[in-house]
Amino acid sequence: MAQFAQVMAEVGDFGRFQVRLTILMGIPNFLSAFFVFSQVFMVLDEAHYCSVSWVKNHTFNLSAAEQLAVSIPNDTAGRPESCLMFRPPPDNASLEDILSHRFNETQACDSGWDYPENRPPSLKNEFDLVCERENLKRTSQSVFMAGLLVGALVFGPVCDWIGRRPSLLMQLLLSGIASMATAFVSSFELYMTLRFALATANAGFLLSSNVLLSEWVGTSRRTRAMVLAQSNFALGLMALAGLAYGVRNWRLLQIIGTTPIFLLVFYFWVLPESPRWLLSQGRTEEAKQLVQKAALVNGRPLASELLNQLVPEKTGPSGNALDLFRHPQLRKVTLILIAVWFVDSLLYYGLGFQVGDFGLDIYLTQVIFGVVEVPARLSSIPMMEKLGRKWSQLCTLTLAGVMCVIIIFIPGDLPTVATALAVVGKFASSAAFTISYVYTAELLPTIIRQTGMGLVSIFSRVGGIITPLVMLLEQYHKAIPMLIFGSLPIGAGLLCALLPETRGQTLKDTLQDLEQGQPPRSYKTAPQRKDVEASGRTSSARVAVVRSSYF
């Protein structure tokens, strides 16, 4: 009988069929950039002042500037306050008394806010996300990140239950519906609810697409294929900048950014199911048909004798989450990986959500952020091969953290310098995130690899949820968020020095292999041992069995 891996080796690790699938799976990653970061361009800073009805209703015949002067106090810099107004004077007050600021007691805005005329509709001016409601901007981003966590927890089992293909199709449809409905909301609370639903579905299709890709691509090309698919997220960041620059109406931007997902209806006819999943469900004939189709597309038709021998791969014993903490060596590795993944997310989204805070044009900065992500992710592969996994992870996290700390000391009149440092930090954080997937998969034993990946992914999502809340600390001091975004990655990076190197090492299969540091496969003679270890070094340098994508 032939194992699935043997048959797929004859089909080809990365032929024309897998290339097509990589392109198909890259599209959801491309669209995901809009869903994650589009709100940044819908809440841009704009002037706002208390709407003062008594001035508007009076027949003083004052100009707009005079109305502002008699109704709004100035701050310490001499600019009109955004969240305070003078108390309305008595009805019998004369114009002279009002102009002399005789009635100069202030209060919070009680009738809404006025915004510049002819301004495009935005989330900020439609739902008054200013003053005491300004924190809702960050809260809604945390709600979205919480949806990503829930989606990963919910759709992981769904993907295993109904299959990769139907799960992916369902999640794409739900994403489109939730995102399109967001453009027609009448309250910000409803907006946040739909964003949560969108994030849940978004996490689902990212998970399903990467699972499907990992189960079709051979081990020698799996890491590269998944990095290529994830690089489409960076292309989506660049496209988002151009789209947001041209479309300033937030509702229209939401509609245009969502529409492409409905064009993926052709996935219903071209998207294949995972043959590995079909075999696990006992649907052997369907799996054989798919494998033969892939072989024909790759120009490597299979012999019917080999195909008829296809049987599911045998699964070994599995572990649980508690096993990650029972063994001293694995406990140390797990705790450090939790810190690394938490910081990966905190840093990546911290820089992404602050794209407009570095002084340069927000649209230009967004394009630059997208541009640097592509080489950052692609360069992580040769970096890991040259420096090793441990030092690549340590250096990228530390570099990103140092950049964030330096930004704190850059004067506000040097936006180019601050942006340049942020770009270097963005490059390093993107590379660090990609390295984490490979390094984590190689550090954890086979029997508990998926469980461990799931656990650290949860903490990564928690980091994403906390990121917008950390940014709220800027109301106490502007440097606090960037100090946190800088110091934590440096600490996590230095912790990586305590981890073992996995470059050129045989992947561990059991908990005993990890603790004893012994090769996981048995051998009878010295030549067989060399062959096995050489094979392990060859494969482990390229293989990271990653079943989900955070980006």
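Every residue, even glycine, has its Cβ placed from backbone N, Cα and C.
Sequence annotations record features per position, and here Swiss-Prot assigns region 'Disordered' to 515-537.
Per Swiss-Prot, the feature transmembrane segment maps to 23-43 (among others).
Within the chain carrying the transmembrane segment (143-163), a Cβ under 8 angstroms from the stretch's Cβ atoms is held by residues 36, 39, 171, 192, 195-204, 207-208, 211, 273-274, 277-278, 281, 349, 454, 457-458, 461-462, 464-465, 467-468, 548, all 6 or more beyond its ends. Annotation comment: Swiss-Prot describes 143-163 (among others) as transmembrane segment.
For 168-188 (among others), the entry in Swiss-Prot reads transmembrane segment, with the evidence type sequence analysis.
Swiss-Prot lists 196-216 (among others) with the feature transmembrane segment, giving sequence analysis as the kind of evidence.
As annotated by Swiss-Prot, transmembrane segment applies to 227-247 (among others), with the evidence given as sequence analysis.
Annotated transmembrane segment per Swiss-Prot: 252-272 (among others), in sequence order, evidence recorded as sequence analysis.
Look at Swiss-Prot and you will find 333-353 (among others) tagged as transmembrane segment.
Look at Swiss-Prot and you will find 355-375 (among others) tagged as transmembrane segment. Outside the transmembrane segment (355-375) by six or more residues, the chain places 33, 37, 40-41, 44-45, 231, 233-242, 244-245, 407, 412, 414-416, 418-419, 422-423, 426-427, 430 with a CB less than 8 A from a CB of the stretch.
The transmembrane segment annotation in Swiss-Prot covers 394-412 (among others).
Annotation comment: Swiss-Prot describes 417-439 (among others) as transmembrane segment, evidence class sequence analysis.
The transmembrane segment annotation in Swiss-Prot covers 453-473 (among others) and rests on sequence analysis. Distant neighbours of the transmembrane segment (453-473): 135, 138-139, 141-142, 145-146, 148-149, 152-153, 156, 321, 324, 334, 337-338, 340-346, 349-350, 353-354, 440-441, 444, 480-481, 484-485, 546-548, 550; these residues of the same chain sit at least 6 beyond its ends, with a Cβ under 8 Å from one of its Cβ atoms.
Panel annotation: around the transmembrane segment (479-499), residues 332-333, 336, 339-340, 342-343, 346-347, 350-351, 354, 390, 393-398, 400-408, 429, 432, 439, 443, 470-471, 473 of the same chain, lying at least six beyond its termini, place a Cβ under 8 Å from a Cβ of the stretch. Feature annotation from Swiss-Prot assigns transmembrane segment to 479-499 (among others); the stated evidence is sequence analysis.
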Using a Cβ cut-off of under 8 Å, list the residues of the same chain at least 6 residues beyond the transmembrane segment (394-412) that approach it. 340, 343-344, 347, 350-351, 358-359, 380, 383, 387, 418, 421-422, 424-426, 428-429, 431-432, 435, 479, 482-483, 485-494, 496-497
Within the same chain, the residues 6 or more beyond the ends of the transmembrane segment (168-188) and with Cβ under 8 Å of it are 28, 31, 35, 123, 127, 129, 136, 140, 155, 194-195, 197-198, 200-202, 204-205, 208-209, 212, 251-252, 254-255, 257-259, 261-262, 264, 267-268, 271
Can you tell me which recorded stretch out of 23-43, 196-216, 252-272, 417-439 has the most Cβ pairs within less than 8 Å of the transmembrane segment (333-353)? 417-439
Within the same chain, the residues 6 or more beyond the ends of the transmembrane segment (417-439) and with Cβ under 8 Å of it are 223, 226-227, 230, 234, 337, 340-341, 344-345, 347-348, 351-352, 354, 358-360, 365, 368-369, 372-373, 375-377, 379-380, 383-384, 389-390, 392-393, 396-397, 399-401, 403-404, 406-407, 410, 489, 499, 502, 544, 546, 549-551
